[in-house]
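As annotated by Swiss-Prot, active site, proton donor/acceptor applies to LYS133. According to Swiss-Prot, the feature NADP(+) binding site maps to 13-16, 35-45, 86-88, 111-113, LYS133, 153-155. For GLN86, LEU89, the entry in Swiss-Prot reads site 'Confers substrate specificity', with the evidence type experimental evidence. According to Swiss-Prot, the site 'Required for activity' annotation covers ILE265.
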Amino acid sequence: MAEKSKILIIGGTGYIGKFVVEASAKAGHPTFVLVRESTVSDPAKGKIVESFNNSGVTILYGDLYDHESLVKAIKQVDVVISTVGQMQLADQTKIIAAIKEAGNIKRFFPSEFGMDVDKVNAVEPAKSTFAIKVQIRRAIEAEGIPYTYVSSNCFAGYFLPTLVQPGATDPPRDKVIISGDGNAKAVFNEEHDIGTYTIKAVDDPRTLNKTLYIKPPKNTLSFNELVAIWEKLIGKTLEKIYIPEEQILKDIATSPIPINIILAINHSTFVKGDQTNFVIEPSFGVEASELYPDVKYTTVEEYLSHFA
């Protein structure tokens with residue numbers, strides 16, 4: 001069997017980054033994480049770095065904004081996975097420049113882990129947020145860097161514990177607010193599964209220069225179907241309040257940052273159905289649960305059962 005690629009994760013202490021690092025180490029890849037020295041002294045992040053150390057991950061000190069340290073780190077690996085957060089998406093041009101200079105990278109995974117930004121029809125301000133990811137994609141392609149874009153749609157941990165109810169900390173037990181008519185389908189993926197599928201794609205020729213869509217059939221659901229699963233789990237029918245699209249668009253226009261961004265992303269997802277309103281063609285994409293049927297992914301029903 002071929003040797004497993006050495007992987008560098010940039011942004012590994014972030015929300016989805018932790019799961020990617022864990023999956024990489026678990027799969028037996030020599031795993032490296034780029035961290036700033038200041039990160040280690042941060043109480044919460046320091047604990048994460050410590051857990052990486054304990055699982056055999058190599059910590060490399062460096063910074064997205066320090067070109068030398070970036071090139072030095074990249075030269076030690078075969079694959080770079082970026083999981084940087086929203087504020088640093090545009091600065092991934094610095095990673096692209098370092099990859100070009102290093103000249104040894106077999107594949108780059110930019111920070112995606114959401115909707116396929118080439119397929120969305122979002123309104124502002126989500127439109128501008130997605131546009132940054134589009135610019136990074138085009139920059140990677142223009143430089144001829146081999147890539148995989150991971151479209152993992154909705155993080156279960158963001159959406160399912162509250163069933164996307166505004167301002168809620170628990171799932172609804174009496175009434176539920178539904179965007180639009182509740183028929184547009186979205187996809188909900190548990191974060192460990194996102195990490196697992198991402199790492200499986202690293203050395204897979206089938207995912208090279210393609211988008212890897214994580215769209216398991218049991219987790220591809222309309223909001224009405226999602227509510228029906230929850231109702232079954234709690235043995236109760238909820239009162240349903242449907243918010244028409246024109247009201248949602250008004251709310252987006254009048255809400256402050258970051259509420260307006262969240263509302264606009266939810267509009268794209270749950271009203272427009274931007275995660276599911278296209279067919280995955282072999283020319284540009286592959287679907288994770290089809291490629292890796294051995295992965296026992298967490299279903300939405302299993303996930304929600306912990307809250308029932």
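The backbone N, Cα and C atoms fix where each Cβ goes, and this holds for glycine too.
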Most isolated by CB count within 10 A, of the recorded sites LEU89, ILE265, is LEU89
PHE113 (NADP(+) binding site), Cβ-centred 10 Å count of other Cβ atoms over all protein chains shown, is 26
Least Cβ-packed of the binding-site residues VAL35, MET87 (other Cβ atoms within 10 Å) is MET87
Here the 10 Å Cβ neighbour count for PHE155 (NADP(+) binding site) comes out at 18
Listed in sequence order, the residues of the same chain lying six or more positions from THR13 (NADP(+) binding site) whose CB sits under 8 Å from its CB are VAL33, VAL35, THR39, LYS45, ILE48, VAL49
Top of the recorded positions THR39, GLN86 by count of other CB atoms within 10 A is THR39
One should report the C-alpha separation between GLN86 (site 'Confers substrate specificity') and PHE113 (NADP(+) binding site), rounded to whole angstrom, as 11
Row LYS133 (active site, proton donor/acceptor), column other C-beta within 10 angstroms, all chains, value 23
